[in-house]
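**Q** After the structure tokens below, expect a handful of questions from me.
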Amino acid sequence: MRILVVEDEHRIANAIKKGLEQETYAVDVVYSGNDGYDLASTEDYDLIILDLMLPGMDGITICKQLRKDSIHIPILVLTAKGQIQDKVIGLNAGADDYLTKPFAFEELLARIRALTRRPRASINDTLKVHDLELNPTSFQVKRGDISLHISNKEFALLEYLMRNADKILTKDQIIAHVWNYDADILPNTIEVYIRKLRNKIDLPFPDKMQLIQTVRGFGYKITT
Ligand code: CA
């Protein structure tokens with residue numbers, strides 16, 4: 001999942017980025033309202049974290065404009081302490097939720113999980129395709145009874161494939177949702193990661209169904 005952070009306080013913005021990357025999210029950070037609007041309206045994000053007081057376009061204007069543009073990416077607004085009115089204005093402008101600064105990172109994570117429907121750990125929230133299981137909060141991956149060790153990026157890619165099981169995903173879609181804007185990704189990087197995943201979830205289990213399929217000329221899918 002890919003998240004855009006629009007926040008002019010560098011310290012806060014960078015702390016959010018660092019924390020979310022540890023949770024396997026791909027994160028882009030911009031420090032001005034205009035850059036925020038430009039990226040939010042052109043890139044395919046799963047969530048936007050938006051400060052309200054920004055140089056250039058302010059957060060409320062960005063919210064309103066994105067909704068007017070029919071862009072319905074979930075927006076989590078950050079408001080400064082004591083500006084209760086901001087919450088109401090933000091929600092009226094089309095934001096989905098708000099968080100008052102300063103906040104605990106766990107609280108931010110909980111809001112993000114709720115907005116992106118990446119739920120808290122519980123047995124029912126585990127993604128399952130055949131006997132392959134992925135838990136988005138404990139980061140465990142298992143095939144049958146065997147735990148698999150996969151890197152953060154492989155995890156993000158596998159989660160994206162499993163959430164979209166049976167859909168063909170193009171390399172461009174995979175890049176857009178699994179890597180951030182700064183990442184220098186070439187289409188054959190995706191091939192490399194797909195191969196790494198296959199080596200872990202399919203090849204060690206030759207008697208089982210091979211789950212990751214290549215659809216020549218289109219992309220990849222995981223089949224149920
Ligand atoms: Ca600010």
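Cβ atoms here come from the backbone N, Cα and C positions, even for glycine.
TrEMBL feature annotations, pasted as is:
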DOMAIN    2-116  domain 'Response regulatory'
MOD_RES   Asp51  4-aspartylphosphate
DOMAIN    124-224  domain 'OmpR/PhoB-type'
DNA_BIND  124-224  DNA-binding region
**Q** Just how many other Cβ atoms lie inside 10 Å of the Cβ on the residue listed as '4-aspartylphosphate'?
**A** 23
**Q** Residue counts in helix (H, G, I), strand (E, B) and coil for the domain 'Response regulatory' (2-116), per DSSP?
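**A** Helix, strand and coil residues of the domain 'Response regulatory' (2-116) number 54 helix, 24 strand, 37 coil.
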**Q** Just give the helix, strand and coil counts over the DNA-binding region (124-224), going by DSSP.
**A** 37 helix, 21 strand, 43 coil
